[in-house]
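Visitor: Pasting the feature list from TrEMBL:
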REPEAT    B:47-88  repeat 'WD'
REPEAT    B:89-132  repeat 'WD'
REPEAT    B:133-174  repeat 'WD'
REPEAT    B:184-218  repeat 'WD'
REPEAT    B:219-251  repeat 'WD'
Amino acid sequence: MTSNSNLSNMRRLVEQLKLEASVERIKVSQAAAELQQFCLQNAGKDALLVGVPTGSNPFREPRSCAVV
Amino acid sequence: MPCTWVMACAYAPSGCAVACGGLDNKCSVYPLSLDKNENLAAKKKSVAMHTNYLSACSFTNSDMQILTSSGDGTCALWDVESGQLLQSFHGHAADVLCLDLAPSETGNTFVSGGCDKKANVWDMRSGQCIQSFETHESDINSVRYYPSGDAFASGSDDATCRLYDLRADREVAIYSKESIIFGVSSVDFSLSGRLLFGGYNDYTINVWDVLKGTRVSILFGHENRVSTLRVSPDGTAFCTGSWDHTLRIWA
C-alpha cells in the first residue's frame, strides 16, 4: 500500500532527522580557528606549499654529470 | 578484468593486494606478486556484490575489510576473507559516486557523496548516517577528508568545491569562480590541508587556498578531462589521471 509505505518512509525520515538534530555542534568561529591552526602547524612539512630544497628534489632539471 | 569498465581501484594497506571493480557490479581482490609466471587472474577473489555498478572502493585500516559504494545507492562493508557483508549503509536517494575513510587509526566513520547532491557521514559499526550535508547543486563526484579528520571537501558537477566542517555540522567554504563552469571530478588536500587540488572536466587543475577561499593557481597540461587526482602520502607531489590516456605527476 503506497500510503502505508509513505507513512513508514516519513517515520524513518523523522527518526533520522531527530538523530541528526541531536548532534552536538560547535560554533563555526571555533571550528574555523581550529582548521586554521592545524594548517599553520603543519604548513612547514607540506612540500607542495613551501617547496623542497633543490638538493633533495628528485624531479629537478637534470644537470650535467662529470665522469671522474 | 571480465567487464568493460573498471571504475574503482584501491591498494591494500600492506601493499600486497589490489581491489577493483566497475560495471561488473562486483569488487574483486587480486593478491600481488612479483612472480611473472603466476596467473594472477586465477587468484582473484570476488568480495562484494552490488545490484549496480561499483563506483568506489577502499580498504579500511586492514587488508581484511573493504568499503564499497555503488550505483545502487548503497555503501557496504565486506570481509575480504569470507566475502561476507558486514554492514550496509542505506540513505542515499541515488547513485553513490565516491567515498573516503576518516584518517585516524581509531576512526570509525566515512563520508560518501552521491547523485542526490548529498554528502553523508556514516558510523561504520552501526550503519547509521550521523550527519548529512546537502548544499551542492548537482552530483557530488568526489569527497576527501581534511588531514585532521575534522572536515571534508567535496567536488561536484556544479563546478564548485565545498568544505564542510564536521564538528560545526555545516558548510564553511565554497571554492568557485564565475569563470569555472565545468564540473569537478576529483579533489584532494595537500599534506597540511592548506591547499585543495581539484581536477576539472575542462582539462585543468585548480589549486585553492583552503583558508582564504581563493584560487592559488591553475595548472594546464592534460588534453582531456581530468578524471582523478591524488596527493602522494608524503605530500611531495600529486598525480592526475585523465581521459587523454595519461597519468601526470606534478611536483
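Cβ atoms are placed via backbone N, Cα and C, with glycine included.
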Visitor: Would you mind listing the long-range same-chain contacts of the repeat 'WD' (B:47-88), meaning Cβ under 8 Å and 6+ residues beyond its ends?
Guide: 5, 7-14, 16-17, 19-29, 94-101, 105, 110, 112, 114, 122, 124-125, 127
Visitor: Please work out the helix, strand and coil residue numbers for the repeat 'WD' (B:133-174) from the DSSP assignment.
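Guide: When I sort the residues of the repeat 'WD' (B:133-174) into the three classes, I find 0 helix, 23 strand, 19 coil.
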Visitor: Report, as numbers and ranges, every residue of the chain located at least six residues beyond the repeat 'WD' (B:133-174) whose Cβ falls under 8 Å of a Cβ in that stretch; write 'none' if there are none.
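Guide: Beyond its ends, the repeat 'WD' (B:133-174) has Cβ neighbours at 97-104, 107, 111-121, 180-189, 191-193, 196, 198-200, 208, 210, 213.
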Visitor: Just to confirm my parser: what is the rounded mean pLDDT across the repeat 'WD' (B:219-251)?
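Guide: Averaged over the repeat 'WD' (B:219-251), per-residue pLDDT gives 90.
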Visitor: Using DSSP, how many residues of the repeat 'WD' (B:219-251) fall into helix, strand and coil, respectively?
Guide: 0 helix, 16 strand, 17 coil
